[in-house]
Amino acid sequence: MSIGNIVQCIGAVVDIEFPRDAMPKVYDALVLEDSGDASFAEKGLTFEVQQQLGDGVVRTIALGSSDGLRRGMEVKSTGAPISVPVGHGTLGRIMDVLGRPIDEAGPIASDELRAIHQKAPKFDELSPSVDLLETGIKVIDLVCPFAKGGKVGLFGGAGVGKTVNMMELINNIAKQHSGLSVFAGVGERTREGNDFYHEMKDSNVLDKVAMVFGQMNEPPGNRLRVALTGLTMAERFRDEGRDILFFVDNIYRYTLAGTEVSALLGRMPSAVGYQPTLAEEMGKLQERITSTKTGSITSIQAVYVPADDLTDPSPATTFLHLDSTVVLSRDIAALGIYPAVDPLDSTSRQLDPQVVGTEHYEVARRVQQTLQRYKELRDIIAILGMDELSPEDKLAVNRARKIQRFLSQPFHVAEVFTGSPGKYVPLKETIRGFKMLVDGECDHLPEQAFYMVGSIDEAFEKAKKLQ
């Protein structure tokens, strides 16, 4: 247990000098000694070693506020990486990046600690999965179905509904799935974390969820490591043979925290100012989120898209790791259609006749073809009007507009705002409804009948009321 002294402090990055024969290893945790003076530095502040600069100096990231630090302060090496409590004691609790409780409900009842830096499972331990995970959200189940043990990304710009979609997925899957979930809040609004906690409490599933938060107001060191803390807890449950749900909101903030400290660590920035280690950092996290022969981790990650540009390096790097991508579109949100999922842009490896079955595959593809035809005709309609279209095209446009409205759905978590009760639509009902639409069995119904309903039967009932 060697003791060093702070020699330089630039924001979240702190250089600490140790005796040359007792330098801490990379990723070791260091703790600020209580100096007893009137400094307002955070007591027990933890640092994580990032680089060894030579001459006994190590460069570290402060996992907490560096306010009040000064040169000469004593820092003790723990000789081990950051370790957090894991196991059943974490369920129903809210923790920070270091696994300390922040819900004022006493200490975490767990004897087992695990380092947040772990190796990804070996290739021969991995277990591919083709079982479908029903979400009860029509557009997702139809066009971009999720796999159990798969990885899903919710892509969208600011304010198109990533968090609401994720909350609805948690609401539908965590309740139906009855397994354990881990939620990592990375650099998001504290209010959303609070809403999530109360949502889980009100629906009586709090005892099945472990929550880890490093929110917007916290230093970059916390936001950079909080995803790993949550993942470590999820891995522990997976390794005891369970099927786990792992939610991350938002993976972009993880990248951004890395960008914030990258320049301070002395790295040259790469494209758009991102850290040069972007792909490696993302790979380290994503390769650990995987299913093994022992248990599975199904992960759902919200990904913020800066300026709605999907080619930005951060979302583009995330794309590589996912099985299903749900792309939220501002144009669809502008039409008032929620969830604002773009059915032409969203993809899934599971949308394969050998996985989902021929009927599901054909209905999904026919829905996409109809919507694509409407997209192509939109310019003609804008310039010349509907009257100039051929009868076949008019029919395609009418069907596409009904499909577009039928892809909307009232959410349970949005009941407070919309005033209409949420709907969970089973996969069979979803396929039946869209099959009737593309087969022309609903051509006589008005468009409004399909907006914000659950199953196709509700659309028929709504049509009767509209007449």
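Here the Cβ of each residue, glycine as well, is placed from N, Cα and C on the backbone.
In sequence order, LEU328, SER329, ARG330, ALA333, ALA340 are the residues of the chain that are 6 or more apart from VAL160 (ATP binding site) and have a CB within less than 8 Å of its CB. For GLY156, GLY157, ALA158, GLY159, VAL160, GLY161, LYS162, THR163, the entry in Swiss-Prot reads ATP binding site, with the evidence type sequence analysis.
Its own atom aside, the Cβ of LYS162 (ATP binding site) has 26 Cβ atoms within 10 angstroms in the protein chains shown. Taking the binding-site residues GLY156, GLY157, GLY159, GLY161 in turn, the residue surrounded by the fewest other Cβ atoms inside 10 Å of its Cβ turns out to be GLY159. A simple Cβ count within 10 Å picks out one of the binding-site residues ALA158, THR163 as the most packed, and that one is THR163. Each residue in TYR304, LEU328, ALA333 lies on the same chain as GLY156, GLY157, ALA158, GLY159, VAL160, GLY161, LYS162, THR163 and has a C-beta within 8 Å of the C-beta centroid of that ATP site, without being one of the site residues.
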